[in-house]
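Notes for the one structure printed next.
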Amino acid sequence: MQAKPTTAVKQKQNFGQRLFTLLRNRDFMISFLITVVLLVLFRVLAIIPLPGIQVNQTGLDQNSNDFFSLFNLLGGGGLNQLSLFAVGISPYISAQIVMQLLSTDLIPPLSKLVNSGEVGRRKIEMITRIITLPFALVQSFAVIQIATNSGGGSSPITLKNNGSDFVAFYIIAMTAGTYLSVFLGDTISKKGIGNGITLLILSGILAQLPEGFIAAYSVLSGVVVTINATLTTAISFFIYFMAFVTLLFATTFITQETRKIPIQQSGQGLVTESSALPYLPIKVNSAGVIPVIFASSIMSIPVTIAQFQPQTESRWFVEDYLSLSKPTGIVLYGILVILFSFFYSYIQINPERLAKNFEKSGRFIPGIRPGKDTEKHIARVLVRINFIGAPFLTVIAIIPYIVSALIHLPNSLSLGGTGIIIIVTAVVEFMSALRSAATATNYQQLRRNLAIEVQKTAQQDKEEQLRAETPGIGNLW
């Protein structure tokens, strides 16, 4: 009779109790250790330069451009030292984005693979890894060229032997590092905790945060002579830090907001309360971080190419109007983020595919006819949500550059919206994985306790039956 209250208490565990329960779970601890060991291995290999490479004291952070910084962010932070993971996961992410775009109605065979279940998903993944190879080769070559030639300034990287054989070796090594990083990410996803690819990128961003704050304070301080200069530096750094914290909280809030479209199964009967119906969740920021990556890439490529050109009028135009440190560049960047948000969210949600799947499975939206009407309704809801999500994503993307311009920081030290969104997304996914593991552990304990109770009850029943039969056996004698 006292077992029921104990079970009820276990179901209402707080976070500390759940964490303690997880730490006592052997399977969870093995998965946790696998995750930690692989992340540490990734970070160690990311900070060791390749043989024959000398990183100058100025480092890559001070000399890097926007294109360089984006590679470093998506690659996992190995670009700073030109390590084995210099390009890291960036080519794989580029290949994934291309496959997502091509898997729409652009290429019908790929669209069929997407709808072919687990077999189709495996084939899509195999094609993605094949496409990763040319991306890795091109990005590795671009990284070496940018790192060893800063457009006429001091080069942040020195190759002790810049012969074609050594350059080919570096390209092959970085390409191999891409596939090794993908392998580490897949291993974490399968045997560890959370999404491995996201955690690898997160580890690189978090590893650079302290260094970034220190570098920002150093740039802001300059040569401190008077008390007023010290106070001005402190105020500027406080604005810089508070902008980072504010964007983190705002991004967390908008990332978790969803618009719920109620759905119903045909033949289920009439349900009067919409709260009792299952629903289709559409996130306010359904496009995720992809629009920011697209916009950053498009804006940074012309500026990067211009750095290798002589001082001409075209180079002056690009650097003066397309750079993210200029007002025109920031405005154009914001427009691109909005356009890509509408475009990519439509690809992600795909109202046409959803409407067809609803019709095949016998589901429908109450008050909306199946088929084209359902597709139009979902598309209409998506457009309305994007009128909120796209401007908000744009604000997150451009505020770091505005703050950097106000307090006179280089773009390489700006708190990019891409990194902030990745941090929030990765942490939310990881916490969700922990909650799922805690729930699974709790259910396992409940099942074990129930099995023990059933075994005890069966043993007691058996003993009572034997005691009941014992007098009868005694009477036979």
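Each residue, glycine too, has its Cβ placed from N, Cα and C.
Annotated transmembrane segment per Swiss-Prot: 28-48 (among others), in sequence order.
Residues annotated as transmembrane segment in Swiss-Prot: 67-89 (among others).
The transmembrane segment annotation in Swiss-Prot covers 130-150 (among others).
Panel annotation: around the transmembrane segment (165-185), residues 38, 41-42, 45, 50, 52-53, 76, 78, 82-92, 129, 132-133, 136-137, 139-141, 143-144, 159, 195-197, 199-200 of the same chain, lying at least six beyond its termini, place a Cβ under 8 Å from a Cβ of the stretch. Annotation source Swiss-Prot lists transmembrane segment at 165-185 (among others), citing sequence analysis.
Swiss-Prot lists 196-216 (among others) with the feature transmembrane segment, giving sequence analysis as the kind of evidence. With a cut-off of 8 Å between Cβ atoms, the residues of this chain six or more beyond the transmembrane segment (196-216) that come close are 35, 38-39, 42-43, 46, 61-62, 72-78, 80, 88-89, 92-93, 181-182, 184-190, 237, 240-241, 409, 413, 419, 422-423, 425-427, 429-430.
Summarising the annotation, Swiss-Prot assigns transmembrane segment to 234-254 (among others). When Cβ-Cβ distances below 8 Å are used as the criterion, the transmembrane segment (234-254) is approached by residues 213, 216-217, 220, 284-285, 389, 392-393, 396, 399-400, 403, 406-407, 409, 415, 417, 420-421, 423-424, 428 of the same chain, each at least six residues removed from its ends.
Under the heading transmembrane segment, Swiss-Prot lists 286-306 (among others).
What Swiss-Prot records for 329-349 (among others) is transmembrane segment, and it gives sequence analysis as the kind of evidence.
The annotation transmembrane segment is assigned in Swiss-Prot to 387-407 (among others) on the grounds of sequence analysis.
Feature annotation from Swiss-Prot assigns transmembrane segment to 413-433 (among others); the stated evidence is sequence analysis.
Among residues of the same chain six or more beyond the transmembrane segment (329-349), those with a C-beta under 8 A of the stretch's C-beta atoms are 100-101, 104, 282, 285-288, 290-292, 294-296, 298-299, 321-323, 378-379, 382-383, 385-386, 389-391, 393-394, 397-398, 401-402, 405. When Cβ-Cβ distances below 8 Å are used as the criterion, the transmembrane segment (28-48) is approached by residues 22, 76-78, 80-81, 83-85, 88, 177, 181, 184, 187-188, 191-194, 196, 199-200, 203-204, 207, 437, 441 of the same chain, each at least six residues removed from its ends. Outside the transmembrane segment (286-306), and at least 6 residues removed from its termini, the chain residues within Cβ reach (under 8 Å) are 65-68, 70, 74, 93, 97, 146, 314-315, 318-319, 322-324, 329, 332-333, 336-338, 340-341, 343-345, 348-349, 382, 385-386, 389-390, 393, 396-397, 416-418, 421-422, 425.
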